[in-house]
Amino acid sequence: MTKPATTPPRTAPAVARTPEELDRLRANLGRVALVPTMGALHSGHRSLIAAARDHADTVVVSIFVNPLQFGPNEDYDRYPRTLDDDLAICAEDGVDVVFAPPVEVMYPGEQMVTVSPGRMGRVLEGEFRPGFFEGVLTVVNKLFNLVRPDVAIFGQKDAQQLSVVRRMVRDLCMPITVMGAPTVRDADGLATSSRNVYLSPEERTTALALSRALLSGADASVTGPVGILSAARAVLDEAALATPPVAVDYLALVDAHTFGEVPNDFRGEAVLAVAAWVGKTRLIDNVPLTL
Ligand code: PAF
């Protein structure tokens, strides 16, 4: 009789709470890949961890809900914090080190010096969430300095964040390779996000309009920017009449490198991006397009 195949047990990752603990673990790690997260890990994060594994000897996942990137009326307090589940996922996925600092370790006092994202950080997400990219770049900079990774992996789901981080690394001469990993979608098309847990079943059904709109825009890509935007807009307009409705913050077709809106004769890599509210949940999604 053949024995059923069993998955070999994974060892739990080492957990560091402070820079000193991280430093002790940081010695002799070989090539290090960092996956920065705010926890509440899902299949999207797991794909980043898998990509990290392909590019390094050691995978470090940081778990830190960064207060600096939340506005005063945003969901910092209710953001899901699921450290035990996250550690179990990290063990299953063979993560070597989890860096999960408390807030007072990352921000022991007033954060006087921050990193400015420049004009890329003032459009789209930056316009609707003032200070967001400054908060993201500041914490990512700290994480880079503490973990000292060779590679850092970010999801394409947060396309503007990925571009702004790439630009910081380039403009500030940081010796790190930034890699993007494709958006992971659930079977119904919804992009995975830690915030999807906020959605009621009805809201989730309405939220599917975001991925449908992007698909419709992508299908119209031969028609150029005007055609792409109007195809996507038609889906969102219809979803604005649903119960519950979609309330769009922005729908934009932007240059993938600068996040400036593209002119109608644009040729190159673009991103069709959307942000919208369904109930009290703000969702973002995007699709990369080559025009
Ligand atoms: O994408 C996220 O989860 C966060 O913005 C990041 C990159 C971990 C910084 O806090």
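Including glycine, each Cβ sits where the backbone N, Cα and C put it.
Lifted from TrEMBL, the feature list:
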type	residues	note
ACT_SITE	His45	active site, proton donor
BINDING	38-45, 155-158, Val184, 192-195	ATP binding site
BINDING	Gln69	beta-alanine binding site
BINDING	Gln69, Gln161	(R)-pantoate binding site
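Features per TrEMBL, on structure.
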residue : record                    : contacts (Cβ under 8 Å, 6+ apart)
Met38   : ATP binding site          : Ile63, Phe64, Val65, Asn66, Tyr79, Ser194
Leu41   : ATP binding site          : Val61, Ile63, Thr82, Asp85, Asp86, Ile89, Cys90, Ser194
Gly44   : ATP binding site          : Gly155, Lys157, Thr183, Val184, Ala191, Thr192, Ser193
His45   : active site, proton donor : Val35, Thr37, Val61, Ile89, Gly155
Gln69   : beta-alanine binding site : Gly131, Phe132, Phe133, Glu134, Gly135, Val136, Val139
Gln156  : ATP binding site          : Leu162, Gly180, Ala181, Pro182, Thr183, Asn286, Pro288
Gln161  : (R)-pantoate binding site : Glu125, Phe133, Val136, Phe154
Return the members of Met38, Leu41, Gly44, His45, Gln156, Val184 (the recorded positions) with CB less than 6 angstroms from at least one atom of ligand 1, or none. Met38
Name the secondary structure element type, per DSSP in three states, that contains Val184 (ATP binding site). coil
